[in-house]
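A.B. asks: To start, I am sharing the structure in question, which I have written as structure tokens.
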Amino acid sequence: MSAIARAAARVRQQNTTPLQRPLLLQRKPVLTHTLALHASPLKPSLATSITSPNFQQSFQRRWASASATAEEGAKEEVWPQRKLPELTETDKLRLRRQRNVGISAHIDSGKTTLTERVLYYTGRIRDIHEVRGRDAVGAKMDSMELEREKGITIQSAATFADWVAPKPPTELKEGETVGNTDKQKFAINIIDTPGHVDFTIEVERALRVLDGAVLVLCAVSGVQSQTITVDRQMRRYNVPRLAFINKMDRAGSNPFRVIGQLRGKLKMNAAAVQVPIGSESDFAGVVDIVRMKAIYNEGVKGNQIVETDEIPESVRALAEEKRAELIEQLSEADETLCDLFLDEAPITPTDIAQALQRATTSLRFTPVFMGSAIKNTGVQPLLDGVCAYLPNPSEVQNQAMDATLPAHAPTIPLVPATDAPLVGLAFKLEEGRYGQLTYMRVYQGELKRGSMIYNARTGKRVKVPRLVRMHADEMEDVDAVVAGEICAMFGVECSSGDTFTDGSSTYTMTSMFVPEPVISLSIRPEGNETPNFSRALNRFQKEDPTFRVHVDSESQETIISGMGELHLDIYVERMKREYNVACVTGKPRVAFRETITEAAKFNYTHKKQSGGSGQFGRVIGSIEPMETDPDTGKDTAFENRIIGGNIPNQFIPAIQKGFQEALDRGLITGHPITGCKFVLDDGSAHAVDSNELAFRLAAIGAFREAFNKARPVVLEPVMTVEIVAPIEFQGNVIGAINQRKGTIVDTEVRDDEFTLTAEVALNDMFGYSSQLRGMTQGKGEFSMEYKNHQPVLPNIQKEMAEAFRKKQLSK
């Protein structure tokens with residue numbers, strides 16, 4: 001570690017603040033317009049400037065309503081002072097022994113296999129069953145029949161378990177050392193999530209409500225495409241994580257190459273806290289380099305842990321080298337350890353463990369564990385790491401908003417105290433045997449069976465008839481659930497993302513990020529349409545925000561949209577199995593979009609006179625290109641800059657509604673318009689003839705007038721494609737990607753196989769699965785995820801525009 005790096009590390013530590021949810025997690029829309037219908041959150045990096053008095057004053061001067069009577073140079077707003085609840089000693093003790101953890105990774109990294117071992121070692125299940133149902137049982141967390149058939153996780157599954165582990169490092173008293181204290185029982189809520197990109201919403205909503213996560217990686221494949229996506233989701237919600245390098249028994253496993261990928265590809269400050277004893281088929285255990293102890297799994301299915309100070313000579317040098325590397329990496333993330341390191345003072349195992357906990361919970365470091373879930377090795381030390389290094393609910397600050405205050409008002413910290421007013425978030429819905437099953441994270445207060453709770457979105461008061469804790473598809477009835485817990489309710493009608501309170505507060509929390517669908521296809525029942533067809537589509541839409549249904553206005557076909565072919569195939573199959581409705585589907589369609597590349601002004605008057613009261617509305621302004629907000633996914637906006645009363649306030653929502661209607665159907669190919677901001681600068685109204693309809697039509701006409709002047713283009717979804725195949729087929733694979741007009745981003749060769757990363761238009765990827773199987777003799781595999789929308793080639797846009805024009809003329 002250079003002197004400059006050491007100094008920089010110390011400066012960074014002096015400026016580091018404790019772990020706090022970022023603006024997105026605090027659900028804190030900080031910029032809103034009094035005339036707009038929705039808040040437009042700014043990026044978290046702008047939080048400091050937004051909360052300054054100068055910003056608030058300039059904000060008020062610029063955005064005050066035309067009808068407001070605010071004086072010149074608005075005064076600084078004063079917000080209500082609140083007395084926050086306090087944690088009792090009972091709460092503190094309970095929360096210190098509570099963990100809410102998700103297990104996420106790329107597909108086939110071993111998440112569900114790992115969760116199965118966790119459940120077995122914690123005593124939640126009596127025997128271990130494998131993922132693909134080879135023993136006709138299947139893994140506990142893959143409870144859906146389709147999951148066991150296909151060997152993949154489709155829905156996230158929740159469970160809970162108790163684990164006895166040593167006291168966390170930061171709770172150690174004087175004279176106590178890490179790992180040598182009395183063991184205590186920890187309650188762990190676990191959510192196992194899908195690894196396939198098509199089911200990314202399951203990962204999204206799980207991470208929204210969790211306090212920590214385990215990122216599982218394959219010791220051979222390392223960081224893969226969905227690993228990058230999961231890492232991005234964890235960063236979006238500021239979720240501290242541990243990394244677990246699985247499949248250490250596989251040929252070609254190299255954990256330190258994977259750690260290098262974590263640092264290089266994910267820009268993660270990560271280091272191993274273990275080194276393997278043996279490699280590949282000889283993998284026998286791990287060395288805990290924090291305490292310098294060898295750990296082996298013995299007994300029936302590895303249920304006995306044997307620790308010894310006798311580290312095999314073959315790995316002693318490696319263990320000492322990686323321990324020094326761990327201390328150096330960790331000293332850049334923890335000020336206390338950095339001081340010891342720079343002063344060349346003795347560093348004890350307790351010093352390292354305490355620094356690991358501080359740096360992990362504050363998102364500055366990721367400890368890396370190793371093992372093989374399928375070989376029952378290394379799972380128990382990982383559980384100890386979850387209890388030692390991941391935060392408890394009281395160490396993560398969650399925020400709520402007051403629905404009675406403007407959206408830019410300060411957020412309210414939620415305190416996980418049992419006697420505080422109830423605040424909970426419904427993050428997932430399922431259709432259970434006894435009605436709707438609503439998964440809930442309780443952030444504050446206590447939720448009791450039979451109690452009355454309020455839906456902050458609808459204002460409705462509902463009763464909780466049944467309260468359960470989930471164990472995959474099994475349920476355990478409970479009378480009450482306290483702050484920090486995850487549970488499920490029966491018989492409560494709501495939507496995903498709804499906030500519930502006990503009625504004593506007006507708090508609300510915002511929901512999770514929902515990506516837009518990228519693929520669509522038409523669907524109809526094989527025979528006569530039955531009520532079950534509509535019932536199934538309605539249910540699937542309610543459960544999955546990324547599954548959309550609409551009826552095409554021209555063909556009158558029912559169109560379903562989702563995140564990929566597999567996503568839609570699963571729902572078609574579920575419709576057949578669960579509702580006995582066999583369906584016929586059309587050819588998949590790509591979700592094309594239209595956008596503008598330049599700003600364009602408009603000055604449009606809508607006038608209609610037919611005797612008596614007519615219609616009059618004039619709007620002046622511009623449309624501008626707009627980047628997608630990476631935190632909220634919002635890519636369209638309406639901005640009112642009118643100062644004065646040229647357009648009465650009651651007509652502004654009608655103008656915004658007209659803008660939203662105009663976005664539904666583009667002028668080049670008829671596809672929805674995205675990436676566009678509507679700026680209203682001025683206009684005029686008529687005392688008699690102006691009404692909402694007139695201004696709505698004026699907005700539509702103005703948008704269409706300006707759209708053609710703003711150099712519009714057609715966009716298509718582009719996918720990041722990752723292909724893994726034997727090295728002898730590399731030439732064929734590259735040739736096929738070039739044939740599909742793909743752009744090769746990266747190629748990595750290891751041993752006898754290679755990994756190719758490319759960006760290819762989704763429209764050019766249809767049929768690739770069969771082609772890859774044929775050219776690699778069935779040995780190649782690929783995965784793809786949505787990257788962004790990019791302009792189509794000019795000749796393609798011309799063809800699409802001509803086809804759309806002919807279609808319109810033929811009507």
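Note that Cβ sites are derived from N, Cα and C of the backbone, with glycine treated the same way.
Reproduced below are the annotations present in Swiss-Prot:
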type: TRANSIT; residues: 1-64; note: transit peptide
type: DOMAIN; residues: 96-394; note: domain 'tr-type G'
type: BINDING; residues: 105-112, 192-196, 246-249; note: GTP binding site
A.B. asks: Return the residues near HIS196 (GTP binding site) by Cβ distance under 8 Å, restricted to its own chain and a separation of at least 6 in sequence.
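C.D. replies: Looking at Cβ-Cβ distances below 8 Å from HIS196 (GTP binding site), excluding near sequence neighbours, one finds ILE107, ILE152, THR153, ILE154, GLN226, LEU566, SER783.
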A.B. asks: Relative to the Cβ position of THR193 (GTP binding site), how many further Cβ atoms are located within 10 Å?
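C.D. replies: Around THR193 (GTP binding site), other Cβ atoms within 10 Å: 28.
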A.B. asks: Where does the mean pLDDT land for the domain 'tr-type G' (96-394)?
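C.D. replies: That region's mean pLDDT is 90.
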A.B. asks: Helix, strand or coil at LYS111 (GTP binding site), per DSSP?
C.D. replies: helix
A.B. asks: Which residues, sitting 6 or more apart from MET248 (GTP binding site) on the same chain, put a CB under 8 Å from its CB?
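C.D. replies: ALA219, PRO255, PRO276, SER279, PHE283, MET370, GLY371, SER372, THR377, GLY378 - these are the non-local Cβ neighbours of MET248 (GTP binding site), listed in sequence order.
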